[in-house]
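Some features that TrEMBL has for this protein:
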REPEAT    13-54  repeat 'WD'
REPEAT    58-91  repeat 'WD'
REPEAT    111-152  repeat 'WD'
REPEAT    153-185  repeat 'WD'
Amino acid sequence: RLWDIESGQCVLTLAIEDGVTTVAISPDNQLVAAGSLDKSVRVWDTTTGFLVERLEGDPGHKDSVYSVAFAPNGKDLVSGSLDKTIRMWELTPPRGLAGGGPKGGKCVKIFEGHKDFVLSVALTPDGAWVMSGSKDRGVQFWDPQTGEAQLMLQGHKNSVISVAPSPTGNLFATGSGDTRARIWSYGPYRGQ
């Protein structure tokens, strides 16, 4: 459901036959993406409710999608799945009713290396890194250009269920089934 915060009204209801596990809104507010237990990612136009993308099949995920995140450029999307991978998708322009149905965006990268379910994905605000959290207890930083893992952080004693970079950079937070949330610094931190 898409909500107008000021009025508290539901402005759009978008249906999926199977369970919705995760949602994200594009930086320009034009698109909403949802991951599902049916292994797919769907992308809708927030103004019309029109389904513009359906990202599934080969080379899509082989198991339920548990996290989606838009890149800062609004044109790319990352998804994390119980198949232990992250995929980066290039959404198909133009968006809108022309074409008569959902298009399949292009899978441009597959990030492989987690040893268990990928439960959370995000991109840093500058788009330089893809972050992920997994049931394998690790947090990984990936290069979106090459798909290679650049850094793996250990510290949590259970699944990393959530990763969130700071909008201003240098910090990120992780949440885990170990009952801990951690705040990490990856640059000069000038906090109070």
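Positions of Cβ are set from backbone N, Cα and C atoms, glycine also.
Worth saying up front: this structure is predicted, and the values here are computed from it rather than measured.
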Long-range Cβ neighbours of the repeat 'WD' (153-185) (under 8 Å; 6 or more residues past either end):
116-117, 119-126, 131-141, 191
Is it possible to list how many residues within the repeat 'WD' (13-54) are helical, extended or coil according to DSSP?
0 helix, 21 strand, 21 coil
I'm checking region-level scores; what's the whole-number mean pLDDT for the repeat 'WD' (58-91)?
95
Count up the helix, strand and coil residues in the repeat 'WD' (58-91) according to DSSP, in that order.
0 helix, 18 strand, 16 coil
